[in-house]
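Here Swiss-Prot flags 61, 140 as active site, drawing on sequence analysis. The substrate binding site annotation in Swiss-Prot covers 58, 59, 60, 61, 77, 85, 120, 121, 186, 187, 241, 277 and is backed by similarity to another entry. Residues or ranges marked as disulfide bond in Swiss-Prot: 435-481. Per Swiss-Prot, N-linked glycosylation site is recorded for 154, 181, 337, and the stated evidence type is sequence analysis. The signal peptide feature in Swiss-Prot is assigned to 1-22.
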């Protein structure tokens, strides 16, 4: 196999089984966002440098992202008093580019009976005339989950620094009449305006083990009435947290996004995403929105399989999208929890980050969504490094030098010329289990091949991101894994391996891998964004300049 160009965005192609050619280009490092993000301190080897992360304390769900007044606004669940969950407020940051963020004062904090015990997740909607409104879940004195509204105090302030709550709060609440579970009624979506002039919003809920998205309607965005039936529900899925419902363009080669209120057109399909509380993963369905019956109808293949597809097959939850009307794209943000122990989080003084914002759109096949880091992240790239073409044989590991191995953006493409030695899968198996059984140290017919990230001298520690190819029912099946089983000598960490199958035919197209590396997070995008896997890792040896980045090909 041969390498031809590493960019950091490390680009290289590999032809497998026999020696192959490849190219790779590398940017030597990704610029650290600002001094308060810097993780160069020996005492903070795991603080990220270019991911969204507060200076200290606990962060979880992204809330109410929107573009207003020339700024991107991001609100988020935050504990101002510590590095564990509790005392939740809506913190607020703004950005011009979705990469460099400036923190502002907290936007929403407990102050009314309807939210006195917490201001939980919700969404922002831009009303006619360009006025933002936030619907969010509050916890009342009885620990009931209710829905509230807040609007800006000063519409002329592009930073939206102050918000006021309605005296009519709560606008939606569980009652004896509606029989809604008061402990399972949260996370309102971005609202959409129907052609009948009514606003609609979804609230996540459940009845026993049936998860559902309860639908409410309003003419004035204040007086809401529950619809006769949920927009959608599914038995055995448990509580639906952080639902998201939005249109996507069919056959969208330009990756264009559309406004949330776009519906009923022939070129539009809809996505229903839910964060399943039982599994702590974000799943989605693709289907159509029946605007007459007010129901979501999953397409063939999604009905029987249920919530099989996921945004990200690693550590990723409570995501939220918004339509960026400035660039006609839909942006996805998600929360990445720690894999360290609570005791270690308290010692660090912080917990949780957000992924790099991703563009999201419908793949041309119509069978799944595609995600890719926003273009703006490329402005952080520095110092390109170019490698001449190299031949790599099976069993070789090549160090990628001249780069900052703990803070990088790597792109690779693999080209396979011979699949005669692929392993056979006799029966279907869960890909995450398969990644655990056949990790980076287990040789196969074709694979594993990919990257070793945060690798220590002697490989006592490393995180592996790799592909492996199988034959299943006379078709080639590509497995993508993020193997954390040897990521740290600290056994208190969660070192679960993750993975998924990638819908790529390796005979007719290259296998691409892009990996964003940032001190304790590894975001990987396979098949040009058709599969995403995020990992949190905390090596004890492979930190700072002791960490190595390697290309590996074991077969």
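FYI, residue positions are counted from 1 along the chain as it appears here.
Each Cβ is built from the backbone N, Cα and C atoms, and glycine gets one as well.
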Seminar exercise, completed: Between the recorded positions 77, 181, 337, the one whose Cβ has the fewest other Cβ atoms within 10 Å is 181
Problem set entry | Helix, strand or coil at residue 435 (disulfide bond) [DSSP, three-state] | helix
Exercise. Does anything in the same chain, at least 6 positions from residue 58 (substrate binding site), have a Cβ under 8 Å from its Cβ, and if so what?
Worked result: 78, 79, 82, 83, 84, 85, 86, 350, 351, 352
Problem set entry | Nonlocal neighbours by CB distance (under 8 Å) for residue 481 (disulfide bond), same chain, sequence gap 6 or more | 431, 434, 435, 438, 439, 440, 448, 464, 465, 466, 467, 468, 497, 498, 499, 533
Exercise. For residue 61 (active site), which of these recorded positions sit within 10 Å, Cα to Cα: 120, 181, 186?
Worked result: 120
Seminar exercise, completed: For residue 337 (N-linked glycosylation site), the closest of the recorded positions by C-alpha position, picking from 77, 140, 186, is 77
For this session: Could you say which of the recorded positions 60, 154 has its Cβ with the most other Cβ atoms inside 10 Å?
Result: 60
Exercise. Compared by Cα position, which of the recorded positions 77, 120, 154 is the closest one to residue 140 (active site)?
Worked result: 120
Exercise. Per DSSP, to which secondary structure element type does residue 58 (substrate binding site) belong, with helix, strand and coil as the options?
Worked result: strand
Problem set entry | Distance in Å spanning the most remote Cα pair of 58, 59, 60, 61, 77, 85, 120, 121, 186, 187, 241, 277, given for substrate | 20
